[in-house]
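Single-structure report; data block below.
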Amino acid sequence: MKRRNLTAFAALVVVVLVASGAYTWRAVVRSHAEQKKPTQVEQADLATLSRQPRIVFRSTATGNLYGRVAEVALDDPAGPRAFTGVTCDRIDAQAAQAACLRTKPGVVTTWEAELLDADWKVTSSWALPGVPSRTRLSPDGTLVGTTAFVTGHSYASTNFSTVTEIHGTDGTDYGNIEDYRLIEDGHTIRPVDRNMWGVTFADDNTFYATTQSKSMGHTWLVKGDLARRTLTVVVDHVECPSLSPDGTRIAFKRNVGEGGATHWTPAVLDLATGTITILSAEKRSVDDQIAWLDSATLMYGVPRDGQTGVSDVWQMPAAGRSSPEVLIKEAWSPSVVKP
Amino acid sequence: MTAEARPRRRSPEERAAALQAIRDRYAEAEPPPAQSQDRRQRRGRVSSTVVTLGIVSLLTDISSESVAAVLPLYITASLGMTTVAYGFIDGLMQGAPSLMRIVAGWMSDKRDHPKRVAALGYALSAATRAILLLSTSLAAVTATVAIDRVGKGIRTAPRDAMIAASSDPRTIGRSFGVHRALDTAGSAIGPLLAFVVLWLIPGGYRNVFVISFGVAVIGVGALVLLVPDLRPRRAAWLERHRSRVARGLPKCKNCTCGVTALAAEGAPTFSWTFLRGRELRRILTVSVVLGLLTVGDGFIYLSLQAKDGFATQWFPLLYVGTNVAYMTLAVPAGRLADKVGRAKVLVWGHVALVGAYLCAGASVSSTSVTLLALLLLGIFYATTDGVLAALVGRLIATESRASAIGTAQSAVDVSRLVASSAFGILWFTIGRSEAVLTVACLLAAAVPAAAYALRHLDAPGTSGGAPDEGRPQPVASERRAGQA
């Protein structure tokens, strides 16, 4: 019986090794072919595009340029795109610089944040503790906020949290905003759990972000003060804020899912009146930090169904009503840059 | 001459499995040569059953850790969902599987078929990889995490009972050390394997799942096909009832008259009365107290990450570092436990955890502090995880061993879970470093108290004699304290 079992086991090992080996080998070959295949999109000249108003984004068109940062003209977003030499998971660009969060694949995958100059050369970089989530530069270009997902590895357990940090573009480290004092109605509060994500800057000291405490059941919009290291609760049920160019409104995603399900619908908060407009013309769940195309239009990425890793950037009027439309095909993480 | 060395008569009704169990257990039970002064001399080989069980765990851990390492990436990058939703469900799913350990231990003891219960646990975990291959919804991902946990909860106690049943009582610590070293090797290899696959095939999550499923299937195959169907209770009964008369059999082979029954299946049966034992109660109490001061590694890693760039850059690999240290030290720690006493090693191993807390809470930060913290965490696991199972496995008789091991592990699990939740409050109330240092102080105070509470457990048998140099003594309740 022992011998028969041993034979059966050997046979099992051989079958599994051959089957999974063949499957993996085929995938390796196919994936290499795919990465080498030229990306099929109409291309423009980078130097020419960079002199005019444009949208900078991460291109998700498959092929050898997958994941590259690219640009399209602001007045012709569906037109040809110019590719830069850098690859980023998340990108926020301005005329003089860009913040890029990227994955460094390898036997050991690590993640980092980079600051790039106008010629897409790295000027500084620092390590991120986990998968890139959001990044934003401040309007004056002095600050950069980054959010990464961190997996809390207790032995064989998988708990997630976010680490959100603010750095000065001059190299100052303002630390993890989780350590800032959290204030609600003038009192310091200390929820037993808190997660922070999605920084959006008003100026070189004021910013907005999300603070979630599951134990207390809140997902707050908080207003941060860098100098005083405080976060003040503004309003509940606001996630992933994005300040409008004129600084009067905040676009965000609101969880409208029922019975514990998650469904994020874009929404806009008027800071002066506190009025919230939920843009229910968007039926899909939107999981992105919304950006402003102009003072009346939102843009955000939505992954394509059935095409892993490919997403499109959609636009929608900030006042609601009309349905979303595709702004840039095969794109993610857009930002408007004006020279 | 010891009882074990006496030649035994094999009767036909003794099944191969029962024989194997006895053989595995007593093959190495020869007393060491009286003149041997070489302390490092190995006391026989570790049973092949233990090694095979270790390989089964190694394969299963490669399988589950490779998936666990890429799940966050898979959910965010490929499924385009936020991990926050996932984390929420994760928290809910942690308590129940640890209670499964008690149930599985009980099932294993009652039926006297630990292998079948363990196989169910391993098979459940393997099935979760198949779910991942078939469905890509968040619900499916959540289900796989939950079912994997349940599988882990089911298999642990019966498997540890099998290790105990296949080990020489004097070197049981080493047996568990060998098993845990193999098991942890799997946890270290798994994530690396997954990242290599993703490196070769960008976005190749499915390939990780396929490989993980394959490895899990081989693991289950190794258990089902290569590990004997141990019947620990039956084997122990046969061991105690050597004559045909004692076994309730006719006086001669092939006699048909006067057959009463083969009573081996019967008494003594499983009973929860082991919980009334003073020693086990002490172990459980100490485990709960120490467990309440053991916060999740995640907090230690996050503390290190907050102050050290090295820890940030290698954050995803910090636990691999801990596992490498654990793997390397599991066997030496098990041997040490056999030599100086399992309860001692179990309790004093928590000093390493105090050290890891200090590294995390200290205001100094450097690469070496981070590495030291990982080493100390590794020492902590090496001196506690397998050693607890060895201690309980040695203390409790075969009839309820799996239940006792399951109960102890579940007590540790649940109290650590409570500790981590409570620690979250401290973390945000008084600050990272302060919180970690507070727990370090409490634990430093608890360790000597725990050592005092368990001081009798490592003492020699009821005869009260001093321990014989270089030769571990059986604990008081060990039924088979044969060497006298």
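Note: Cβ is positioned from N, Cα and C throughout, glycine not excepted.
Over in TrEMBL, the protein carries these features:
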type	residues	note
REGION	B:22-45	region 'Disordered'
DOMAIN	B:49-458	domain 'Major facilitator superfamily (MFS) profile'
TRANSMEM	B:69-89	transmembrane segment
TRANSMEM	B:181-201	transmembrane segment
TRANSMEM	B:207-227	transmembrane segment
TRANSMEM	B:283-302	transmembrane segment
TRANSMEM	B:314-333	transmembrane segment
TRANSMEM	B:345-365	transmembrane segment
TRANSMEM	B:371-393	transmembrane segment
TRANSMEM	B:414-430	transmembrane segment
TRANSMEM	B:436-454	transmembrane segment
REGION	B:460-484	region 'Disordered'
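Counted over residue pairs 6 or more apart, the CB atoms of the transmembrane segment (B:181-201) and the transmembrane segment (B:314-333) come under 8 Å in at least three pairs, which marks the two as touching. The transmembrane segment (B:314-333) is not in contact with the transmembrane segment (B:414-430), judged by fewer than 3 CB-CB distances under 8 Å for residue pairs 6 or more apart in sequence.
Using the rule of three or more Cβ pairs under 8 Å, pairs at least 6 apart in sequence, the transmembrane segment (B:414-430) is not in contact with the transmembrane segment (B:345-365). Sequence-distant contacts of the transmembrane segment (B:283-302) (same chain, at least 6 residues past either end, Cβ-Cβ under 8 Å): 311, 315, 318-319, 322, 343, 347, 350, 353, 356-357, 359-360, 373, 377, 388, 391-392, 395, 407-408, 411-416, 418-420, 422-423, 427, 432, 436, 439, 442-443, 446-447, 449-450, 453-454, 457.
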